[in-house]
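Lifted from TrEMBL, the feature list:
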BINDING   C214, C224, C227, C229  [2Fe-2S] cluster binding site
DOMAIN    6-154  domain 'Anamorsin N-terminal'
DOMAIN    247-285  domain 'Anamorsin C-terminal'
REGION    255-269  region 'Fe-S binding site B'
MOTIF     266-269  motif 'Cx2C motif 2'
Amino acid sequence: MAGETTVLLVTDKPSLPGTVVMWAMQKFEDKAKGGKGMTVVTNILQAGGKIAAESLSINVVISLAATPGHHNTAWLTEVARVLRPGGEFWLQEPLMSRFSALQTITSLERNLILSGFLGSKSFESVEDIGLAESYQAITPVSLQVQKPNWELGSAFTLKKRTLAPKEDVTDDVIPLAKSWNWSPDVDLDELIDEDELLTEDDLRRPELPVGDDCSVEKVGKKACKNCSCGRVELEEKKVSSVLTASQINNPQSACGNCGLGDAFRCNGCPYRGQPPFKLGEKITLSSSLLVADA
């Protein structure tokens with residue numbers, strides 16, 4: 001671009017109405033330097049969407065598009081390249097036929113954020129700047145954003161907070177002693193030692209109960225020498241696992257559950273392992289148990 005361009009007015013149309021150029025010159029008169037620092041570029045799509053300007057060289061870019069969806073991330077990235085930090089970006093494009101105004105604005109704002117712009121807000125409509133006829137009465141979306149004041153890769157230092165010297169502390173500051181409700185005049189010897197409040201019983205280690213696994217209910221455990229839990233008597237009364245003829249021919253049950261099967265029999269039941277039976281009837285194996293598996 002010839003000369004020093006500070007304000008760039010760019011469009012994808014072959015031309016722009018004079019009212020648009022006058023609006024841009026009046027709007028940015030101080031930055032355009034009376035029009036000498038302003039450049040108008042048309043048919044930007046023929047240039048491949050590239051701006052012939054150095055990076056970080058333009059203060060204001062005004063992009064007026066007649067094509068819906070013109071302000072994609074590729075074009076916005078190109079605009080961000082030529083804008084100086086803190087530069088302004090004004091854009092306008094017609095609504096997409098299948099999208100509402102809210103959907104179009106949401107899509108534009110998302111692309112602007114991804115391209116590094118901040119502070120999206122709308123500006124005056126096309127009727128105020130005379131663009132209605134150039135857009136064939138299609139209502140456009142108009143937004144204004146700003147490029148951040150820092151550039152990608154820039155660095156800055158964090159300010160370290162410094163504490164005020166002790167002599168600068170005012171009387172308004174609550175002393176630490178007062179906040180604890182403690183006075184340095186208190187005699188520490190008058191304080192009670194908490195260990196003195198413990199008695200001998202408190203200091204004595206408690207005697208834990210000795211674990212005892214000697215239970216007559218446990219199957220398979222034999223009585224100890226000098227047993228006193230009753231396991232010896234149980235073993236003496238325990239019936240041999242070999243049933244007598246009387247017990248087979250005329251089975252009896254003190255609890256009434258022996259004939260129901262092992263699931264209902266006690267641990268010391270003499271009929272454990274035998275098939276279910278009816279009390280008073282001879283214990284016999286069913287015919288199904290006598291047939292060998294094929």
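Quick reminder: no glycine exception, Cβ is built from N, Cα and C everywhere.
The average pLDDT the prediction assigns to the domain 'Anamorsin C-terminal' (247-285) is 81.
Broken down with DSSP, the motif 'Cx2C motif 2' (266-269) shows 0 helix, 0 strand, 4 coil. According to DSSP, the domain 'Anamorsin N-terminal' (6-154) comprises 46 helix, 40 strand, 63 coil.
Scoring each of the binding-site residues (C224, C227) by how many neighbouring Cβ atoms lie within 10 Å, the top position goes to C227.
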